[in-house]
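Taken straight from TrEMBL:
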- ASP8, HIS9, GLY66, THR67, GLY68, ILE69, GLY70, ASN99, ARG109, ARG132, ARG136: D-ribulose 5-phosphate binding site (BINDING)
- CYS65: active site, proton acceptor (ACT_SITE)
- HIS98: active site, proton donor (ACT_SITE)
Amino acid sequence: MKVIIGSDHGGFNLKSAIIQHLEDKGIDVKDVGPFDTDSVDYPDYAKPVAEAVQNSEYDRGILVCGTGIGMNIAANKHKGIRAALVHDTFSAHATREHNNSNILCMGERVIGTGLALDIVDIWLETEFEGGRHERRIEKIEQ
Ligand code: RB5
């Protein structure tokens with residue numbers, strides 16, 4: 001699976017932890033930045049991640065800011081993107097099974113690193129259920 005990740009300054013530390021975690025598991029991750037904690041604007045990093053998932057260059061995207069909210073709003077402006085703001089493991093399962101979410105958004109200022117990494121693992125490993133959920137996603141696209 002090809003994964004692309006981005007953050008702003010508020011999500012930089014959690015982004016770094018996620019990249020390390022995924023690389024330790026042998027999953028290659030493309031990092032669009034930022035590469036330090038200088039203040040930046042989250043839409044500038046949501047855009048390249050959303051576009052790369054939108055055009056199927058990458059299978060899944062992960063976006064981290066202080067709350068995850070700005071990244072979530074920005075990513076969902078892109079057609080074909082189903083970005084999910086997730087801070088618990090139940091929702092990590094459910095949004096993959098029901099929404100086929102293709103971008104995961106989290107807030108570094110909201111949850112601890114341990115929970116965030118569990119959420120990443122669950123979200124990457126859980127399959128979409130299809131069936132009635134496919135019809136609902138199609139209605140969103142329309
Ligand atoms: C940056 O201070 C903060 O606004 C940003 O990281 C994010 O929380 C926005 O939704």
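Including glycine, each Cβ sits where the backbone N, Cα and C put it.
Reported as a whole number, the C-alpha separation between GLY68 (D-ribulose 5-phosphate binding site) and HIS98 (active site, proton donor) equals 20 Å. With the fewest other C-beta atoms within 10 Å around its C-beta, GLY66 stands out among the binding-site residues GLY66, GLY68. Look at GLY70 (D-ribulose 5-phosphate binding site): DSSP puts it in a helix. Only CYS65, of the recorded positions CYS65, HIS98, ARG136, place a Cβ under 6 Å from an atom of ligand 1.
Taking CA atoms as the reference points, GLY70 (D-ribulose 5-phosphate binding site) and the residue listed as 'active site, proton donor' are 23 Å apart. Checked against the residue listed as 'active site, proton acceptor', the recorded positions ASP8, HIS98, ARG109, ARG136 differ in C-alpha distance, with ASP8 being the nearest. According to DSSP, ARG109 (D-ribulose 5-phosphate binding site) sits in a coil region rather than a helix or strand. CYS65 (active site, proton acceptor) falls within a strand when secondary structure is assigned with DSSP. Its own atom aside, the Cβ of ASP8 (D-ribulose 5-phosphate binding site) has 26 Cβ atoms within 10 angstroms in the protein chains shown.
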